[in-house]
């Protein structure tokens, strides 16, 4: 009975998505507006997976751009504008909130949210009304990209230095530990004695290897 009641809702693309607000306005002169929150509600009796897409993901940082909402619960999605500058004033970007059932890959529903950066919240009323009207009329199709691919916070873990780099470092250390030419009391064979210039080269290479290891 329950499956028959839910079946009409699970048609691909027809599931209503409940999110608030449906429009984000960032003001350049008000830093408190540079970080805003979208709340996604799940009124259904089954869990939903969600994914945040964006037309210009390089301009925004989205915390938890993908996740799960439990049945009859909600989740907050924090969106931060990270490229506030005059060149972006009035440019209309779009976010797409896409949801699916946990056991399925197809998108059951989607909701688009408009995002705009304005220079100031203290604009004249007439100018603000014109801007809001222009935003609402912006219904053209847009290309969306994975938000998670463009967040610097989601860097993959470094694999560390390569085996060749480690091997060269060990060789350089061993070279520096070998006796220098002219040391007669050493038990090391004479052909393993290195000149001062050779040790300087080994020290220089070891320094370069150390910098590479510290960067990885």
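Just so you know, glycine gets a Cβ as well, placed from its N, Cα and C.
A TrEMBL annotation is a machine prediction, not a hand-curated record.
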Transmembrane segment range according to TrEMBL, out of 143-162, 163-182: 163-182
Helix, strand and coil totals (DSSP H, G, I; E, B; other) for the domain 'MSP' (16-145): 21 helix, 61 strand, 48 coil
